[in-house]
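Feature annotations, reproduced from Swiss-Prot:
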type	residues	note
SITE	9	site 'Discriminates between blocked and unblocked aminoacyl-tRNA'
BINDING	14, 64, 66, 112	tRNA binding site
ACT_SITE	19	active site, proton acceptor
SITE	91	site 'Stabilizes the basic form of H active site to accept a proton'
């Protein structure tokens, strides 16, 4: 069994924020693969289904970003899911818009959602880093992540979430490099990434 966690903030006010791209990704996984209706539990919302041969629980913590770890710990504990079987989908400032990287363990790069999760379950979970780009200076970061994607961004955001959902079974299977490459090729096919980009860490 796998636990896929999308990070974001709850409520319509935040729904299209850059910080919420993790929510957007798991919403698309649920939609594309016919997962169960979302239900409220574990200080969040869950949906259940299968990706390939793996049973997968999707989780969107509704604790607000900075306390996401409480929800993740509760869900992982209930289902007896080890940190190595937890995958977190989150926004990544240090990657250009639309680029994806997958890593297991490591630092949190200043991401408060990851900080909370690491404090509750340790560092040994998988992260799917969804590039949103950096505003250029540190002082603008807070406003950048908590503002909505521009209309001009809608096409690449939709393409990215669609590609992540289409190839999500590869993450469930543990073939991270193949997943990242397939997502990269899907983005490249729509003209959103250049040929020298790749999805490897």
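Here the Cβ of each residue, glycine as well, is placed from N, Cα and C on the backbone.
This view paints the features noted in Swiss-Prot onto the structure.
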residue : record                                                               : DSSP (3 states)
9       : site 'Discriminates between blocked and unblocked aminoacyl-tRNA'    : coil
14      : tRNA binding site                                                    : helix
19      : active site, proton acceptor                                         : helix
64      : tRNA binding site                                                    : coil
91      : site 'Stabilizes the basic form of H active site to accept a proton' : strand
112     : tRNA binding site                                                    : helix
### Query
So around the tRNA site, 14, 64, 66, 112 aside, which residues have their CB within 8 A of the centroid of those CB atoms?
9, 19, 63, 65, 67, 68, 113
### Message
If I take the alpha carbons of residue 66 (tRNA binding site) and residue 9 (site 'Discriminates between blocked and unblocked aminoacyl-tRNA'), what is the distance between them in whole Å?
### Response
9
## Note on the structure
Here the 10 Å Cβ neighbour count for residue 91 (site 'Stabilizes the basic form of H active site to accept a proton') comes out at 26
### Query
Roughly how many Å separate the Cα of residue 64 (tRNA binding site) from that of residue 9 (site 'Discriminates between blocked and unblocked aminoacyl-tRNA'), to the nearest whole number?
5
#### Entry: Those recorded positions listed as 9, 66, and which of them has the most Cβ atoms within 10 Å of its own Cβ
9
#### Entry: Nearest-integer angstrom distance between the alpha carbons (Cα) of residue 91 (site 'Stabilizes the basic form of H active site to accept a proton') and the residue listed as 'active site, proton acceptor'
6
#### Entry: Residues near the residue listed as 'active site, proton acceptor' in space but at least six apart in sequence (CB under 8 A)
7, 8, 9, 65, 91, 145, 146
